[in-house]
(Lines of atoms letter the chains of each structure in order from A and count residues from 1; the text may use other names and numbers.)
(Lines give C-alpha, C1' and ligand atoms only; values in the text may rest on other atoms or scores of the structure.)
Protein backbone atom coordinates (compact mmCIF):
# COMPACT_ATOMS: atom_id res chain seq x y z
CA UNK A 1 0.00 0.00 0.00
CA UNK A 2 2.85 2.38 0.88
CA UNK A 3 4.51 1.63 -2.46
CA UNK A 4 1.31 2.51 -4.35
CA UNK A 5 0.98 5.82 -2.45
CA UNK A 6 4.63 6.61 -3.20
CA UNK A 7 4.13 5.81 -6.89
CA UNK A 8 1.11 8.09 -7.28
CA UNK A 9 2.84 10.88 -5.34
CA UNK A 10 5.85 10.63 -7.63
CA UNK A 11 3.57 10.66 -10.68
CA UNK A 12 1.81 13.81 -9.42
CA UNK A 13 5.15 15.57 -8.84
CA UNK A 14 6.36 14.65 -12.32
CA UNK A 15 3.11 15.91 -13.87
CA UNK A 16 3.41 19.17 -11.91
CA UNK A 17 6.98 19.65 -13.10
CA UNK A 18 5.86 18.93 -16.66
CA UNK A 19 3.16 21.64 -16.60
CA UNK A 20 5.57 24.12 -15.03
CA UNK A 21 8.21 23.39 -17.67
CA UNK A 22 5.61 23.75 -20.42
CA UNK A 23 4.49 27.09 -18.94
CA UNK A 24 8.04 28.43 -18.89
CA UNK A 25 8.68 27.29 -22.47
CA UNK A 26 5.59 29.18 -23.65
CA UNK A 27 6.50 32.28 -21.65
CA UNK A 28 10.00 32.47 -23.11
CA UNK A 29 8.44 33.54 -26.42
CA UNK A 30 5.11 34.98 -25.22
CA UNK A 31 5.69 36.86 -21.97
CA UNK A 32 3.20 38.24 -19.49
CA UNK A 33 1.81 41.65 -20.39
CA UNK A 34 0.16 42.66 -17.13
CA UNK A 35 -2.53 45.33 -17.13
CA UNK A 36 -2.05 46.93 -13.74
CA UNK A 37 0.80 47.32 -11.27
CA UNK A 38 0.97 50.00 -8.57
CA UNK A 39 4.73 50.07 -8.00
CA UNK A 40 4.85 53.84 -8.78
CA UNK A 41 2.44 54.41 -5.88
CA UNK A 42 4.79 52.46 -3.62
CA UNK A 43 7.66 54.65 -4.78
CA UNK A 44 5.66 57.65 -3.58
CA UNK A 45 4.44 56.26 -0.27
CA UNK A 46 7.71 54.56 0.71
CA UNK A 47 10.33 56.89 -0.74
CA UNK A 48 8.58 60.16 -1.67
CA UNK A 49 9.43 59.41 -5.32
CA UNK A 50 13.18 59.56 -4.57
CA UNK A 51 14.16 56.66 -6.79
CA UNK A 52 17.90 57.07 -6.26
CA UNK A 53 17.71 56.34 -2.56
CA UNK A 54 19.70 53.20 -1.81
CA UNK A 55 16.73 51.58 -0.10
CA UNK A 56 14.58 52.22 -3.20
CA UNK A 57 16.86 50.14 -5.44
CA UNK A 58 14.54 48.02 -7.58
CA UNK A 59 17.20 45.37 -8.01
CA UNK A 60 17.04 44.56 -4.30
CA UNK A 61 13.83 46.06 -2.90
CA UNK A 62 12.24 43.34 -0.78
CA UNK A 63 9.14 44.92 0.77
CA UNK A 64 7.14 45.27 -2.46
CA UNK A 65 5.45 42.64 -4.61
CA UNK A 66 7.52 43.90 -7.53
CA UNK A 67 11.23 44.22 -8.12
CA UNK A 68 13.51 43.47 -11.05
CA UNK A 69 14.49 39.90 -10.09
CA UNK A 70 10.83 39.04 -9.44
CA UNK A 71 9.79 40.47 -12.82
CA UNK A 72 12.45 38.36 -14.53
CA UNK A 73 11.41 35.21 -12.65
CA UNK A 74 7.77 35.85 -13.57
CA UNK A 75 8.53 36.26 -17.30
CA UNK A 76 6.97 39.72 -17.29
CA UNK A 77 7.72 41.27 -20.67
CA UNK A 78 5.22 44.11 -20.62
CA UNK A 79 3.75 46.10 -17.76
CA UNK A 80 1.17 48.85 -17.58
CA UNK A 81 2.38 50.86 -14.60
CA UNK A 82 -0.45 52.62 -12.80
CA UNK A 83 -0.16 56.39 -12.50
CA UNK A 84 -2.57 56.94 -9.64
CA UNK A 85 -3.60 59.52 -7.07
CA UNK A 86 -6.54 59.14 -4.67
CA UNK A 87 -9.94 60.72 -5.08
CA UNK A 88 -9.25 63.41 -2.48
CA UNK A 89 -7.12 65.17 -5.10
CA UNK A 90 -10.25 65.75 -7.23
CA UNK A 91 -10.98 69.47 -7.73
CA UNK A 92 -7.65 70.24 -6.03
CA UNK A 93 -4.18 69.29 -7.24
CA UNK A 94 -5.07 66.16 -9.22
CA UNK A 95 -3.33 67.23 -12.43
CA UNK A 96 -0.11 68.28 -10.69
CA UNK A 97 0.02 65.04 -8.71
CA UNK A 98 -0.61 62.79 -11.71
CA UNK A 99 2.12 64.55 -13.67
CA UNK A 100 4.49 63.67 -10.82
CA UNK A 101 3.47 60.00 -10.98
CA UNK A 102 3.93 59.87 -14.75
CA UNK A 103 7.35 61.41 -14.19
CA UNK A 104 8.18 58.54 -11.80
CA UNK A 105 7.48 55.98 -14.53
CA UNK A 106 9.66 57.84 -17.02
CA UNK A 107 12.44 58.05 -14.43
CA UNK A 108 12.19 54.31 -13.76
CA UNK A 109 12.96 53.75 -17.44
CA UNK A 110 15.85 56.21 -17.30
CA UNK A 111 17.32 54.81 -14.08
CA UNK A 112 17.12 51.14 -15.15
CA UNK A 113 17.62 51.23 -18.94
CA UNK A 114 18.88 47.65 -18.95
CA UNK A 115 15.49 46.50 -17.59
CA UNK A 116 12.73 48.98 -18.44
CA UNK A 117 11.94 50.47 -21.84
CA UNK A 118 9.13 53.01 -21.98
CA UNK A 119 6.97 52.35 -25.04
CA UNK A 120 3.73 53.82 -26.33
CA UNK A 121 2.41 51.52 -29.04
CA UNK A 122 1.51 47.87 -29.45
CA UNK A 123 4.23 46.97 -31.93
CA UNK A 124 7.00 48.16 -29.60
CA UNK A 125 5.99 45.89 -26.71
CA UNK A 126 7.28 42.62 -28.12
CA UNK A 127 10.26 44.36 -29.72
CA UNK A 128 11.29 45.59 -26.27
CA UNK A 129 10.82 42.08 -24.87
CA UNK A 130 13.04 40.63 -27.60
CA UNK A 131 15.72 43.11 -26.55
CA UNK A 132 15.49 41.70 -23.03
CA UNK A 133 13.52 44.62 -21.61
CA UNK A 134 10.24 44.97 -19.73
CA UNK A 135 8.11 47.13 -22.04
CA UNK A 136 6.78 49.83 -19.73
CA UNK A 137 3.50 51.59 -20.45
CA UNK A 138 1.41 54.10 -18.53
CA UNK A 139 -2.17 53.64 -17.40
CA UNK A 140 -3.77 56.56 -15.56
CA UNK A 141 -6.04 55.23 -12.83
CA UNK A 142 -9.00 57.53 -12.32
CA UNK A 143 -10.90 59.94 -14.53
CA UNK A 144 -10.75 62.57 -11.77
CA UNK A 145 -7.09 62.98 -12.77
CA UNK A 146 -7.97 64.74 -16.05
CA UNK A 147 -9.98 67.35 -14.09
CA UNK A 148 -12.84 67.17 -16.59
CA UNK A 149 -10.62 68.61 -19.32
CA UNK A 150 -10.13 67.22 -22.82
CA UNK A 151 -7.00 69.35 -23.03
CA UNK A 152 -5.55 67.57 -20.01
CA UNK A 153 -6.60 64.22 -21.52
CA UNK A 154 -4.69 65.05 -24.71
CA UNK A 155 -1.66 66.25 -22.76
CA UNK A 156 -1.50 63.04 -20.72
CA UNK A 157 -1.67 61.08 -23.97
CA UNK A 158 1.33 63.02 -25.29
CA UNK A 159 3.17 62.15 -22.06
CA UNK A 160 2.59 58.45 -22.68
CA UNK A 161 -0.79 57.54 -21.16
CA UNK A 162 -2.28 54.64 -23.11
CA UNK A 163 -5.24 53.80 -20.95
CA UNK A 164 -7.45 55.84 -18.65
CA UNK A 165 -9.57 54.23 -15.94
CA UNK A 166 -12.76 56.27 -16.19
CA UNK A 167 -13.29 56.45 -12.42
CA UNK A 168 -11.58 55.31 -9.27
CA UNK A 169 -13.55 54.98 -6.01
CA UNK A 170 -15.48 58.19 -6.61
CA UNK A 171 -17.72 59.69 -9.24
CA UNK A 172 -16.31 62.23 -11.63
CA UNK A 173 -18.58 65.01 -12.89
CA UNK A 174 -19.10 62.85 -15.99
CA UNK A 175 -19.03 59.16 -14.94
CA UNK A 176 -20.33 57.01 -12.07
CA UNK A 177 -18.14 54.64 -10.07
CA UNK A 178 -18.72 51.12 -8.70
CA UNK A 179 -19.74 52.34 -5.23
CA UNK A 180 -23.01 53.47 -6.81
CA UNK A 181 -23.90 49.81 -7.37
CA UNK A 182 -23.02 49.04 -3.75
CA UNK A 183 -25.30 51.83 -2.54
CA UNK A 184 -22.44 53.78 -0.99
CA UNK A 185 -22.51 56.59 -3.56
CA UNK A 186 -25.23 58.46 -5.43
CA UNK A 187 -25.64 58.03 -9.19
CA UNK A 188 -24.90 61.42 -10.68
CA UNK A 189 -24.58 60.66 -14.39
CA UNK A 190 -26.56 57.39 -14.59
CA UNK A 191 -23.51 55.96 -16.32
CA UNK A 192 -21.84 58.47 -18.61
CA UNK A 193 -22.98 62.08 -18.89
CA UNK A 194 -23.01 63.84 -22.28
CA UNK A 195 -19.53 65.16 -21.50
CA UNK A 196 -18.45 61.66 -20.49
CA UNK A 197 -19.43 60.47 -23.95
CA UNK A 198 -17.22 63.19 -25.43
CA UNK A 199 -14.35 61.94 -23.25
CA UNK A 200 -14.89 58.45 -24.67
CA UNK A 201 -14.93 59.75 -28.22
CA UNK A 202 -11.72 61.70 -27.69
CA UNK A 203 -10.04 58.65 -26.18
CA UNK A 204 -11.02 56.69 -29.29
CA UNK A 205 -9.58 59.44 -31.48
CA UNK A 206 -6.31 59.61 -29.56
CA UNK A 207 -5.78 55.87 -29.25
CA UNK A 208 -6.18 55.71 -25.47
CA UNK A 209 -7.71 52.46 -24.24
CA UNK A 210 -10.89 52.88 -22.21
CA UNK A 211 -10.50 51.09 -18.86
CA UNK A 212 -13.71 50.13 -17.06
CA UNK A 213 -12.31 48.77 -13.80
CA UNK A 214 -13.80 50.73 -10.86
CA UNK A 215 -16.83 52.02 -12.81
CA UNK A 216 -20.53 51.31 -12.22
CA UNK A 217 -22.36 48.73 -14.30
CA UNK A 218 -24.28 51.53 -16.04
CA UNK A 219 -20.98 53.17 -16.98
CA UNK A 220 -19.64 49.81 -18.20
CA UNK A 221 -22.64 49.33 -20.47
CA UNK A 222 -22.59 52.90 -21.80
CA UNK A 223 -18.90 52.64 -22.67
CA UNK A 224 -19.15 49.18 -24.25
CA UNK A 225 -22.06 50.32 -26.39
CA UNK A 226 -20.60 53.70 -27.38
CA UNK A 227 -16.90 53.05 -27.90
CA UNK A 228 -15.77 52.65 -31.49
CA UNK A 229 -12.89 50.42 -30.30
CA UNK A 230 -12.65 47.50 -27.87
CA UNK A 231 -12.27 48.41 -24.21
CA UNK A 232 -10.43 46.82 -21.29
CA UNK A 233 -10.97 46.08 -17.63
CA UNK A 234 -7.36 46.45 -16.48
CA UNK A 235 -7.83 44.77 -13.08
CA UNK A 236 -11.24 43.17 -12.50
CA UNK A 237 -12.52 39.63 -12.02
CA UNK A 238 -15.78 37.68 -12.52
CA UNK A 239 -18.85 38.64 -10.47
CA UNK A 240 -20.42 35.20 -10.85
CA UNK A 241 -17.42 33.61 -9.13
CA UNK A 242 -17.14 36.28 -6.41
CA UNK A 243 -20.09 38.71 -6.17
CA UNK A 244 -18.06 41.81 -5.37
CA UNK A 245 -19.21 44.99 -7.11
CA UNK A 246 -15.70 45.61 -8.46
CA UNK A 247 -16.07 42.48 -10.58
CA UNK A 248 -17.72 42.09 -13.98
CA UNK A 249 -21.22 40.54 -14.19
CA UNK A 250 -22.13 38.02 -16.86
CA UNK A 251 -24.40 40.33 -18.87
CA UNK A 252 -21.45 42.73 -19.19
CA UNK A 253 -19.17 39.80 -20.11
CA UNK A 254 -21.55 39.16 -23.01
CA UNK A 255 -20.95 42.73 -24.18
CA UNK A 256 -17.22 42.17 -23.73
CA UNK A 257 -17.51 39.20 -26.06
CA UNK A 258 -19.56 41.02 -28.71
CA UNK A 259 -17.13 43.97 -28.79
CA UNK A 260 -13.90 41.92 -28.76
CA UNK A 261 -12.98 43.59 -25.48
CA UNK A 262 -10.84 42.29 -22.60
CA UNK A 263 -11.06 41.52 -18.86
CA UNK A 264 -7.67 41.36 -17.13
CA UNK A 265 -8.17 39.38 -13.94
CA UNK A 266 -7.33 40.94 -10.57
CA UNK A 267 -5.59 38.87 -7.86
CA UNK A 268 -6.83 40.78 -4.78
CA UNK A 269 -8.28 38.24 -2.35
CA UNK A 270 -11.50 40.21 -1.78
CA UNK A 271 -12.20 40.15 -5.53
CA UNK A 272 -11.10 36.52 -5.93
CA UNK A 273 -12.84 34.75 -3.04
CA UNK A 274 -14.83 37.57 -1.40
CA UNK A 275 -12.80 36.91 1.77
CA UNK A 276 -9.43 37.73 3.26
CA UNK A 277 -7.84 34.52 1.97
CA UNK A 278 -7.68 33.01 -1.51
CA UNK A 279 -5.69 30.56 -3.59
CA UNK A 280 -4.10 30.43 -7.01
CA UNK A 281 -6.71 27.84 -7.98
CA UNK A 282 -9.51 30.32 -7.27
CA UNK A 283 -7.88 32.87 -9.59
CA UNK A 284 -7.87 30.15 -12.25
CA UNK A 285 -11.61 29.71 -11.59
CA UNK A 286 -12.17 33.35 -12.58
CA UNK A 287 -10.16 32.87 -15.76
CA UNK A 288 -12.13 29.71 -16.57
CA UNK A 289 -15.44 31.51 -16.06
CA UNK A 290 -14.57 34.52 -18.21
CA UNK A 291 -13.29 32.19 -20.92
CA UNK A 292 -16.54 30.21 -20.77
CA UNK A 293 -18.84 33.26 -20.93
CA UNK A 294 -16.88 35.73 -23.10
CA UNK A 295 -14.44 33.47 -24.93
CA UNK A 296 -10.72 32.76 -24.71
CA UNK A 297 -9.99 36.04 -26.49
CA UNK A 298 -11.53 38.04 -23.64
CA UNK A 299 -9.12 37.09 -20.83
CA UNK A 300 -5.95 38.78 -19.63
CA UNK A 301 -3.94 39.35 -16.47
CA UNK A 302 -4.09 42.47 -14.28
CA UNK A 303 -2.69 41.30 -10.97
CA UNK A 304 -2.90 44.65 -9.12
CA UNK A 305 0.42 43.91 -7.45
CA UNK A 306 1.59 46.62 -5.04
CA UNK A 307 -1.89 48.10 -5.04
CA UNK A 308 -3.48 45.56 -2.69
CA UNK A 309 -2.65 44.02 0.68
CA UNK A 310 -3.94 40.43 0.52
CA UNK A 311 -2.90 38.13 -2.33
CA UNK A 312 -3.67 34.45 -2.98
CA UNK A 313 -1.49 31.65 -1.71
CA UNK A 314 0.70 30.81 -4.70
CA UNK A 315 0.52 34.31 -6.22
CA UNK A 316 2.33 36.30 -3.56
CA UNK A 317 4.37 38.44 -5.98
CA UNK A 318 5.07 38.97 -9.67
CA UNK A 319 7.45 36.02 -9.84
CA UNK A 320 4.54 33.57 -9.53
CA UNK A 321 2.91 33.95 -12.97
CA UNK A 322 4.42 30.67 -14.29
CA UNK A 323 2.63 28.75 -11.53
CA UNK A 324 -0.71 30.20 -12.64
CA UNK A 325 -0.02 29.29 -16.26
CA UNK A 326 0.94 25.75 -15.17
CA UNK A 327 -2.43 25.46 -13.38
CA UNK A 328 -4.29 26.52 -16.53
CA UNK A 329 -2.37 23.96 -18.61
CA UNK A 330 -3.33 21.37 -15.99
CA UNK A 331 -6.95 22.43 -16.64
CA UNK A 332 -6.53 21.69 -20.35
CA UNK A 333 -6.11 25.23 -21.61
CA UNK A 334 -4.51 25.02 -25.03
CA UNK A 335 -1.21 26.67 -25.84
CA UNK A 336 -3.07 29.10 -28.12
CA UNK A 337 -5.43 30.08 -25.29
CA UNK A 338 -2.52 30.54 -22.89
CA UNK A 339 -0.62 32.76 -25.32
CA UNK A 340 -3.77 34.84 -25.74
CA UNK A 341 -4.10 35.25 -21.99
CA UNK A 342 -0.44 36.17 -21.55
CA UNK A 343 -0.13 38.81 -24.24
CA UNK A 344 -1.88 38.28 -27.55
CA UNK A 345 -5.37 39.31 -26.43
CA UNK A 346 -4.08 42.60 -25.05
CA UNK A 347 -2.01 43.23 -28.18
CA UNK A 348 -5.10 42.59 -30.32
CA UNK A 349 -7.17 45.11 -28.36
CA UNK A 350 -4.37 47.69 -28.30
CA UNK A 351 -3.86 47.33 -32.07
CA UNK A 352 -7.61 47.74 -32.68
CA UNK A 353 -7.64 50.91 -30.57
CA UNK A 354 -4.73 52.28 -32.60
CA UNK A 355 -6.51 51.41 -35.85
CA UNK A 356 -9.63 53.34 -34.81
CA UNK A 357 -7.43 56.27 -33.82
CA UNK A 358 -5.88 56.33 -37.28
CA UNK A 359 -9.25 57.03 -38.93
CA UNK A 360 -10.51 59.64 -36.43
CA UNK A 361 -8.91 63.01 -37.05
CA UNK A 362 -10.94 65.90 -35.58
CA UNK A 363 -10.41 66.60 -31.85
CA UNK A 364 -13.34 67.29 -29.54
CA UNK A 365 -13.41 70.93 -28.41
CA UNK A 366 -16.45 71.05 -26.14
CA UNK A 367 -15.98 71.85 -22.45
CA UNK A 368 -17.91 70.45 -19.53
CA UNK A 369 -20.75 72.73 -18.33
CA UNK A 370 -19.26 74.91 -15.62
CA UNK A 371 -22.07 74.17 -13.18
CA UNK A 372 -20.90 70.54 -13.10
CA UNK A 373 -17.58 71.58 -11.54
CA UNK A 374 -16.67 72.27 -7.94
CA UNK A 375 -15.60 75.91 -8.14
CA UNK A 376 -13.88 76.31 -4.79
CA UNK A 377 -10.35 75.82 -6.13
CA UNK A 378 -10.55 76.88 -9.76
CA UNK A 379 -10.85 79.84 -12.11
CA UNK A 380 -13.21 79.98 -15.06
CA UNK A 381 -11.38 81.74 -17.87
CA UNK A 382 -13.08 80.85 -21.12
CA UNK A 383 -16.12 79.37 -19.38
CA UNK A 384 -19.57 80.90 -19.34
CA UNK A 385 -22.06 80.47 -16.54
CA UNK A 386 -24.85 81.56 -18.91
CA UNK A 387 -24.05 80.58 -22.49
CA UNK A 388 -27.52 81.56 -23.67
CA UNK A 389 -26.89 85.17 -22.52
CA UNK A 390 -23.61 85.23 -24.44
CA UNK A 391 -25.41 83.98 -27.50
CA UNK A 392 -27.99 86.74 -27.12
CA UNK A 393 -25.26 89.37 -26.70
CA UNK A 394 -23.45 87.97 -29.72
CA UNK A 395 -26.57 88.18 -31.81
CA UNK A 396 -27.20 91.73 -30.58
CA UNK A 397 -23.66 92.82 -31.46
CA UNK A 398 -24.04 91.30 -34.91
CA UNK A 399 -27.29 93.23 -35.41
CA UNK A 400 -25.68 96.47 -34.24
CA UNK A 401 -22.75 95.94 -36.59
CA UNK A 402 -25.15 95.41 -39.45
CA UNK A 403 -27.05 98.57 -38.51
CA UNK A 404 -23.87 100.67 -38.27
CA UNK A 405 -22.76 99.37 -41.66
CA UNK A 406 -26.14 100.31 -43.15
CA UNK A 407 -25.97 103.83 -41.68
CA UNK A 408 -22.46 104.23 -43.06
CA UNK A 409 -23.75 103.43 -46.53
CA UNK A 410 -26.39 106.12 -46.15
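Positions of Cβ are set from backbone N, Cα and C atoms, glycine also.
Checking the candidates 141, 186, 188 against Swiss-Prot: the one annotated together with 214, 235 at the Zn(2+) 2 site is 141. Reduced to three states, the DSSP call for residue 87 (disulfide bond) is helix. Each of the disulfide-bonded residues 170, 274 was scored by other CB atoms within 10 A of its CB, and the lowest score goes to 274.
In this structure, the C-alpha atom of residue 242 (disulfide bond) lies 14 angstrom from that of residue 235 (Zn(2+) 2 binding site).
A separation of roughly 12 Å, to the nearest angstrom, links the Cα atoms of residue 87 (disulfide bond) and residue 214 (Zn(2+) 2 binding site). Considering other CB atoms within 10 Å as the measure, the emptiest surroundings among the disulfide-bonded residues 87, 242 are those of 87.
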